[in-house]
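Visitor: After the C-alpha cells below, expect a handful of questions from me.
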C-alpha cells in the first residue's frame, strides 16, 4: 500500500522504493522491502509497527544515519543517499533535529547550553524571540541553569525537544521519545510535540510502538515486515489499537 | 555478544599493556644499570687481576686528608728510609723495598698538549727494574736523570717511540726527557685499567713526584719463606701503628678495580635516576588504568558481590591481574635491560684503553631487583583501585553505576599533611648541611610530589577551567574544555604523571639557571680582569701554571696586575672542603671586587685565614675564632679567622696564606691566573704576549672574560641536556597515560559523541574537541609541574648560597618550552583517540543501550 499523496513542495521528507538489506548470502535479512512514504510539512507523523517491522530503520535512513540498499530518500528536495560524511553532517546540523529515547544530553552542559548546542555547532546565533518562544513552549524557563543530572526524565526529554526545535529544522525525527518516561511525563512531552507542530509549524516524525503516543499525531503510518501496510489520519488511541490488532491478525494469517 | 566481549577484553589488554610499558621502561633502566655494572665490574677485575701479583704486602702511610675525591686526589705521604728498615725488621718479612709511584705525571704529546686520557690514572714512578708483572718491550731502562721509560699504552696514545723527546708535567713545571724504553705488562697488556705511567730514575721521581717529602710513596714487602701473609700483616700493623696502611696484593688489585668502577657509579646513577622517574610516573599510570577499568566494570563487580564473592576475593582478583602484568612487564624489561647494559658496557669500555669486555651475564641481583621492582610497583599501584573495587556495593547491579563525584575529604587531608611534611623535610634538608640533611631532601621531594598529586583533584576543576579558556573561542574547544573538567580525579591523576617529569626538570633547570646567572653576574659585574688563564676541564685543581712563566707574563706590555691562585681540598676543623690560596692577595681582592663582611680582609697575615660569609656560617665560625686546618702535606696548623668576605662563586672557600699553600698543597703551582690590563691596553694586543709566556703550561688556556662565562654556561648546558633526556622519558610515559585516559573517555562517551555527531558536529570538530581535552589536561600537568618545579628549584638554589649561588633565576624560556612541549605532546596523544571518536558510527553510537 502506498502512502504517497502530495506534491513535492509540501514534503519535508520522502522515501522512494527504499530497500534495506543487512548481511550477505544466506544470512541476508531484509529490513525494508520497497517503502514509499511522503512526510508532509507541518504535520506530526507517527510511524508504528511491531519490533522488527522496519520502522526504526526507515527513520535512520531518512535521517542519513543509515544507508539504503536500494531506492532514494529525500529531506526537503535534497537526495540523502549518496551524500558524503561532510554533507550528511551539514544536513543533520541544518535541516534535521533529533529526539532520542535516551535523551542523549551532554552532562557537562546546562539545559540552556544543551538547547543552544546545534546553533553553536553551526556557528549561528539564536534569534532571541524564537529562543524565548521555544523555551516558553517547553516550560523550562526556571530550569535553564541546571545540569541534566539535576533534571527529571521528563524535563530532560523536554530539553532534548527544545534542542531539536531551536534550529528550526526541516524535520525532527523522534525515536521512541517516551520510551524511557513514565506515562505522565510521556504525556507532557507528547503534548508539547503536538503543540510545536500546531503553533510553531514544525514537522515531526516519531517512531513509536505505543498506540497512546501515536494518538497524539496527525497521521499514523503502520509498518509490518518491511512494508507500509496502512495509515490513519486524526487517530484516536482506540483506532490505533484496533489497526494494530488487525495488522497482527493479517500477519498471522499470511 | 561474544565478539563484543572479546573486543572489550582485547582493548583492555592493550590498555593494560600500555600502562605496563611504564614498568617495562623502569625495569629496563634498573636491570640495565645492574648488567652494565656487573659486566664492566668483571672486566675491571680481570684487568687488574695479577696487577699486584709481585707484591706480597704493601705498606703506605695514610693520607692526611681523605676527602670526597678519594685517596687518589690526596697527596702521598712520603716514607723515609728508617721506616723501610723498621718494616724489614718485622718477623716474617723477607725483603722490604721502597717504591715511588704517585699519581700526577702528565706526559705532553707532540702537539705540546697533555696526552689525552686512556681512561685511567696518570702515574709517575721511580724505575726499580723489571718484575714478573712489568717488562721492557723496547729500549732500555732509564739510567740518566733525563731518561724515562713509559708504558706501551701511553706510547701508543702519544705516538712515542724510543729516542723521542717527551715533556712531563708534575708537581713541578714542564721538564723534558728522552724516552729510553717502552714497557708492557704481563699477559701482553699495554696498560692496566687505562693507566699511563712515566717511569723516572728514582732520584728524579723522588724530586718530581714526592717533592722531597720523604723517600718513597710505598714499601713493597716480600714474605720470608714459610711466613703467613695474615700474620705478617698483623705484625706490621702493630709495629707501624694507625698512621699506616698494610694491604695484600689482592687487596691492592681490588682497590684499583674499585677505583675504576667509580666511573661506573655516575652511569649507574643516571640509569637509576631514569628508572626512578619511569617507575614514579608509571605508578600513576597504573593507578589510573586500574581505577578506570574498575569504574567501567562496576556492574560486573557488583554482580560478583551479589553472587557472594567476598571483598577479599575481589581484591585478590585485581591484585592477581596486576601481578600478571607486573611479571610480564618485568620479564620484558629485564630482557631489554640486558641489551641496554651490554650496549652501555661496550660503549664505555671503548673509552678505556686495553679493556676487554667480560662475557655478558645476567647477574642474579638484576633478576631479583627487576622482578621486585616490576611486580612490586605494579601491585602496589593496583592496591588502591583494588580496595575501591572491594567497596562496590552489591546494590550497584541495579542502580546506575555512575557514582557522583564524591568529595574526597580524606584525600585532601592526607594530601595536605603529606605536602606539609614534605615541605618541612625539604626546609630541614636544605637549611642544614652535611649528608644527613641532604638525605632529608629526597623523601621531602617525594612527599611533596605525592601531596601535590593528592591535592590536584581539588584544584583541577578551576585550573582546567582557566586553562581551557585559551580554547573556548570555538565550540569544539569549549566542549573539550568542559570534558576535561568532568572527572577531576581522572584529569588530576593523568596530569600528575606529566607534572612529575616537568617538575623534576624544572627544578634542575631552575637550579642551573640560578647557578648560571650567579656566575655570569659575577663575571660581568665583579671580575675586573679581562683575561684569565685556567684549565679546560672545570676542575680547578687539575691544571698547573709554571710560576716562572707567570712572572714573565707579568712583564708583558699592558698587564697591570696578575692574581694567581691555587686550589686544593683540606680538612678545615672536622670537615673536608675546598681551600684556596692567592700569590698576591691584594691583587686578587681587587680583581674579584671582594668586599669584607666582617673583620678585615685587606691583608692575609701569616697564621690567619679568610673565608666567605656562607662558609664561616656553615662552620659556625666568627672573626677571631681559631680553626685547625690540615693541608695535604705537613702537620695540621692552627689559624685565626681574620675576616669574612661576601659570597662569590669564583672565590668561595677558605683562603690560606700563600707561603703555607706552597708547602702544604698537593700542587704548589698556581692553577688559575687572572690578568688585569692597563687602561690603555686592549685584550687583543695583550693576549698573544701572555699566551707566549705560558706556552709551556699547556693545561691552561688564556681566555677573555666572555669566553670564561661561556665556558661556565656550556657546563651548565651540558647538565641541562642530560636533564632534558630525563624529561623525554617522563614525557613518553605521561603520553601513554593521556592516550589511555582519552581512549577510555571516548569509549565511555560513545553515546554522547554519537548524539553530538547526530545533531551536526563535524568530524574535524570532533577531533578538535578531543584534542582540546587532551591539550588542556597536559597543560594542566605542565603548569603544575612548572610551578612545583620552580618552587623546589628556588628552594634548592637558595640553599646553595654557600656554593656561591647568590642570584635566584627562573629559566623562563625553558619553562615556556616545557609548556609548549606539553601542549604538543597532548595534541599528539589525542590523535589516536580523536580519530576513533571521529570515525564513530553515529547510528550505532546513539542506539547503544
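Including glycine, each Cβ sits where the backbone N, Cα and C put it.
The structure displayed is predicted, hence computed values, not measured ones.
Here's the feature list from TrEMBL:
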type: DOMAIN; residues: B:18-238; note: domain 'MacB-like periplasmic core'
type: DOMAIN; residues: B:274-393; note: domain 'ABC3 transporter permease C-terminal'
type: DOMAIN; residues: B:491-692; note: domain 'MacB-like periplasmic core'
type: DOMAIN; residues: B:726-841; note: domain 'ABC3 transporter permease C-terminal'
type: TRANSMEM; residues: B:270-294; note: transmembrane segment
type: TRANSMEM; residues: B:315-348; note: transmembrane segment
type: TRANSMEM; residues: B:360-384; note: transmembrane segment
type: TRANSMEM; residues: B:413-433; note: transmembrane segment
type: TRANSMEM; residues: B:445-471; note: transmembrane segment
type: TRANSMEM; residues: B:492-515; note: transmembrane segment
type: TRANSMEM; residues: B:725-747; note: transmembrane segment
type: TRANSMEM; residues: B:775-798; note: transmembrane segment
type: TRANSMEM; residues: B:810-831; note: transmembrane segment
Visitor: Test the contact criterion for the transmembrane segment (B:360-384) and the transmembrane segment (B:413-433): 3 or more CB pairs under 8 Å, pairs 6 or more apart in sequence, then answer yes or no.
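Guide: Contact between the transmembrane segment (B:360-384) and the transmembrane segment (B:413-433): absent.
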Visitor: Where among B:270-294, B:315-348, B:445-471, B:492-515, B:775-798 do we find the most Cβ pairs under 8 Å to the transmembrane segment (B:810-831)?
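Guide: Answer, by Cβ pair count: B:775-798.
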Visitor: Most CB pairs under 8 Å with the transmembrane segment (B:270-294): which of B:315-348, B:445-471, B:775-798?
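Guide: Checked against B:315-348, B:445-471, B:775-798; highest Cβ contact count belongs to B:315-348.
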Visitor: Using Cβ atoms and a strict cutoff of less than 8 Å, what residues sit near the transmembrane segment (B:413-433) while being 6 or more residues removed from its termini?
Guide: 439-441, 443-455, 458, 618, 792, 795-796, 798-799, 802
Visitor: What are the DSSP helix, strand and coil residue counts for the domain 'ABC3 transporter permease C-terminal' (B:274-393)?
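Guide: Result for the domain 'ABC3 transporter permease C-terminal' (B:274-393), in helix, strand, coil order: 98 helix, 0 strand, 22 coil.
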Visitor: Could you pull out which residues elsewhere in the chain have a CB under 8 Å from any CB of the transmembrane segment (B:445-471), counting only those six or more residues past its ends?
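Guide: For the transmembrane segment (B:445-471), the nonlocal Cβ contacts are 280, 284, 408, 411-412, 414-423, 425-426, 477-478, 480-482, 484-485, 488-489, 491-493, 495-496, 499-500, 503, 507, 772, 775-777, 779-780, 783-784, 788, 792.
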Visitor: Average the pLDDT scores across the domain 'ABC3 transporter permease C-terminal' (B:726-841) and report the rounded value.
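Guide: Mean model confidence (pLDDT) across the domain 'ABC3 transporter permease C-terminal' (B:726-841) is 86.
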Visitor: Taking helix as H, G and I and strand as E and B in DSSP, count the residues of the domain 'ABC3 transporter permease C-terminal' (B:726-841) in helix, strand and coil.
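Guide: Its residues fall into 100 helix, 0 strand, 16 coil.
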